[in-house]
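Below is one structure, written out as structure tokens; comments come after it.
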Amino acid sequence: MTVLFKMPVVLGFFVGLMMLGLVSSAEFHELFQPGWANDHFIYEGELLKLKLDNFSGAGFASKSRYLFGKVSMQIKLVEGDSAGTVTAYYMSSEGPYHNEFDFEFLGNTTGEPYLLQTNVYVNGVGNREQRMNLWFDPTKDFHSYSLLWNQRQVVFLVDETPIRVHTNMEHKGIPFPKDQAMGVYSSIWNADDWATQGGLVKTDWSHAPFVASYKGFEIDACECPVSVTADEIAKKCSSSAEKRFWWEEPTMSELSLHQSHQLVWVRANHLVYDYCTDTARFPVKPVECEHHRH
């Protein structure tokens, strides 16, 4: 895929400089391919729909892997009674010591809000769940869900509002995901053993098929060939005197003041669970929780 120049124009996040990045089309078939259950894919013009029934769910994966940059897609979640279902959207590397950034949308009974669960895996270790409700109904319209990833931070965004930040704290001896290229994935599946009220509410298959809709696929990131080594990937995806990536600009190393205020608002008004405060699971607070500002 050709490397082009692009001026990203996302309010509050990008600077008005011509920076090097990988500009990818928003066409599904150029960036992604079905991963399983092809017969549960529905194509309607620019829309992609994945359906879950009592035979199967469905999922797709990016054709390439990426190291640093930004990934976005617009999703409209399952309407009505979605209890027991999970719509997942995530980036992940491979292997037992993989890195992973998760959005998991946990369905609920009609009239109850969806829960958004995020998680971060580093070197194969997760257990960093946060859960929140959203400030809108994610089943009524499309909303943008994004991951911004550079060597300083991982930012989870909903409609360009930061909802979670995982900061590089290697100086404190805490590992940070920065050396494994990741694919981009999404799927819908049945998880009624845990997804809704801890598994108490099961999937009502009389409401099937459950349908999640997608559009607006965007990847602006450093593409990594599968055949190259980790050292070669790191070199290819790092700025140098010859090339500059927009996500490595100083303004991208932390949230702006406005974004910090947005994050504080989200956490104060919509966060319902944070592993950092779960003393039953973690009698000793996880070390990164001692140092995170948010």
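Each residue, glycine too, has its Cβ placed from N, Cα and C.
Summarising the annotation, TrEMBL assigns active site, nucleophile to Glu100. Look at TrEMBL and you will find Glu104 tagged as active site, proton donor. The annotation domain 'GH16' is assigned in TrEMBL to 26-214. The N-linked glycosylation site annotation in TrEMBL covers Asn108. Annotation source TrEMBL lists signal peptide at 1-25.
The residue listed as 'active site, nucleophile' sits 25 Å from the residue listed as 'N-linked glycosylation site', taking the Cα positions as reference. The residue listed as 'N-linked glycosylation site' counts 21 other C-beta atoms within 10 Å of its own C-beta, drawing on all protein chains shown. Its own atom aside, the Cβ of the residue listed as 'active site, nucleophile' has 18 Cβ atoms within 10 angstroms in the protein chains shown. In sequence order, Val86, Thr87, Ala88, Tyr90, Leu116, Gln117, Thr118, Asn119 are the residues near Glu104 (active site, proton donor), counting only same-chain partners six or more apart with C-beta under 8 A. Regional average pLDDT for the domain 'GH16' (26-214) in the model is 94.
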